[in-house]
Amino acid sequence: MASDVEEWKDELYGTDIRAEIERFAEEGWESIPDDEQDAWFERFKWYGLYHQRAGQESYFMMRIGPPGGVLAPGQFRRIVEIADEFSRGPAENPVFGNGWIDVTTRQAIQLHWIRLEDVPEIFEQLEDVGLSTVQACGDSWRNIVGCPVAGKDKHEHVDADALATDLHDTFKKNEAHSNLPRKWKVSVTGCDEGCGQGDINDLAFEPAEKEIDGETVTGYNVRVGGGLSRNEPRLARDIDVFATPEQAVDVAGGISALFRDHGDREDRYNARIKFLVDEWGPEKLRETLQDDYVDFELETAGEDLREDYSYNAGDADGKHDHVGVHEQNDGNYYVGLNVLVGRIGVDEAYDLADAAEEHGSGEVRLTQRQNIIFTDVPEENLETLRSEPVLEHYSPDPHPFQRGSIACTGTEFCSLSIVETKNRQVRYARWLTQNVELPEGVEDFHIHLSGCTASCAQPQIADVSLRGMKTRKDGEPVEALDIGLGGGLGENPQFASWVTERVPADEVPGAIANLLENFAAERDDETQSFREFVLERDDEELADLVEPEETDYEDPYLHNTKRTWYPYAEDDDLDASPAPARADGTPIPSDD
Amino acid sequence: MTIAVRTLDDGAWISVNDSRQVSVSDVWTLSRGVFCDCEPAYVLLEGFFDVDVDGSVVAASTVGQCLECGTRDSIDRLPVGRMIDGKFSPYDPAGVQWLREPDAERDGESS
Ligand code: HEM
Ligand code: SF4
Ligand SMILES: [Zn+2]
């Protein structure tokens, strides 16, 4: 039997949802009939609106997806203005205040505490500068990710920005591809550093060369079926197809249509294409694509550049991210700024928008490491840009523990989460920076924290992977983390292996400190990277090196942040929740 | 009376009569033997993958992990609450729960 979600999508999905959102916005939150809420919330996701968790009813998360993370001049500022006006909650976050933007691991922006009544106005303001929330959530083409400096990068072999934009223009609001069995995540890489993270996407285009009719053509190899969620991580698999830049959109459309027709619509937990690739194998997928979904002869895979991939590759040298000052292909510079856990308060965001306009072209790009990049900065402006006060906090030269930190949304807003994430990761990064010496030669150290197995913070591709759990400590249930080690991308990507489970959250900084101390003492020499060190050892040996321990680190979120309406509210009890609320913020009394 | 039950948001919720009622990621206390050998077993539920109704009892199928011994397994039809006078009343995760015996299915009425 088809799931309820499939029935709702059959009834109404895609662009038809817009008029309904406008209608509900006009009539107010209370006009959504109680017995239709489940169906409408599911549909709203297609327009980038995700209903927040229990205790926060009537408030939405809104996601805005610029392809490849490229925000043209003016677009970043517009998002900040929208956050300033519409993204204010009924309580304050102690670290971030009230009003901010979140840069996500898929090069999107998330806003929280959005009122349905404000959505039409927000849509207008976004569209006015060419932005949109279309298909940012829901069962369709999500934001297309890729090299964040595509088109400007000295390492580029093929123009990933052009393809990401083509795919975006072709497959957003495209009726034939609007209703897929599940989310559809696409990545385009054009450089020899591998920074598109193709291996963890449903569909990946990766730079390659191929001899066709005696001529060397630059284009893309195609991989399918990567993803991290649900304890079932998969690397995208090589389907032995090379696509010229001209063919790439047709190949993408063919694979998306194949997924639409053959993906599992009975069982949402088996729906992602990674499971279809498991079942069919890459050969059958290629055959079906050739026979039924493209009308030209597919080329076999070309020569790829994976050998050179340095991004998050775990080598002791090489470029691992886009933070810092780097020369572009036109002689200007791009400047990557560190955004701890991806969150920027509204006031500082205005300062950043000013700085990007004053010293660069005003373009701001988003990276898959939750950071931002200013592009087109002339050499003579570098000095003055670096002296801007806002760059003290959003630094092009951050401490490795700040630079390597990624955290998902967590219990603050997400109903799947088991633990508090962003504020905790900020505290971890501070404590580690102040108390732990990195071993000689270690300049990159990635720590990713996800609140549950959905893995939005991509924990499995970090040096230290943290995943939300619970444990019992002194007889009380407390928030805890599983600790995994040795994940990363590069030529031979590797998922972290979960070596130590259920460590109370207040003992995690001590565990990382001890782990690094043991690594420094036991590594072969100072050129051995952490990832190499982990690869050489089995899980038991590694578990012995972790040694969780209480330190002077204090964790204010140990006790069940999930059972609150907002973990940081003065009275955080679910019964004290001001939600659901009307457009002006006054609570709506419940009828029981 | 028909009771509409479903899982929502990728297993984050059990919805009963179109209202989000039981949330995932809570710790449930289960009696010995039904999940692992711990007494009692404190089991963190990591995701609901199915739900149905047995008479007046709403039972969820889920994946969980024991916080003491680390056993990770699926649980078939864990009772998460019941209908009383047409209203859903959730069970307290901290109160000791036992799984339904298989023969309880005889009066089962799946939605
Ligand atoms: C309120 C609930 C949720 C919030 C706030 C949330 C937040 C996020 C964020 C910020 C990202 C990166 C951004 C992007 O897509 O642009 C992300 C990605 C992701 N989300 Fe979620 N998410 C939620 C629910 C879910 C659910 C229900 C699942 C799956 C069952 C899920 C699985 C993932 C995965 C696997 C990734 C990234 C890793 C990958 O690319 O495979 N998330 N989510
Ligand atoms: S990883 Fe889990 S907790 Fe974190 S945002 Fe994603 S779904 Fe929520
Ligand atoms: Zn046990």
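Every residue, even glycine, has its Cβ placed from backbone N, Cα and C.
Per TrEMBL, these features apply:
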type: DOMAIN; residues: A:55-90; note: domain 'Nitrite/Sulfite reductase ferredoxin-like'
type: DOMAIN; residues: A:96-128; note: domain 'Nitrite/Sulfite reductase ferredoxin-like'
type: DOMAIN; residues: A:137-291; note: domain 'Nitrite/sulphite reductase 4Fe-4S'
type: DOMAIN; residues: A:326-388; note: domain 'Nitrite/Sulfite reductase ferredoxin-like'
type: DOMAIN; residues: A:405-543; note: domain 'Nitrite/sulphite reductase 4Fe-4S'
type: REGION; residues: A:569-592; note: region 'Disordered'
Counting only residues 6+ away from its ends, which parts of the chain sit with a Cβ under 8 Å from the region 'Disordered' (A:569-592)?
28-30, 54-59, 90-91, 115, 117-118, 563
Local confidence of the domain 'Nitrite/sulphite reductase 4Fe-4S' (A:137-291) - pLDDT mean
94
When DSSP states are grouped into helix, strand and coil, how many residues of the domain 'Nitrite/Sulfite reductase ferredoxin-like' (A:96-128) land in each?
13 helix, 12 strand, 8 coil
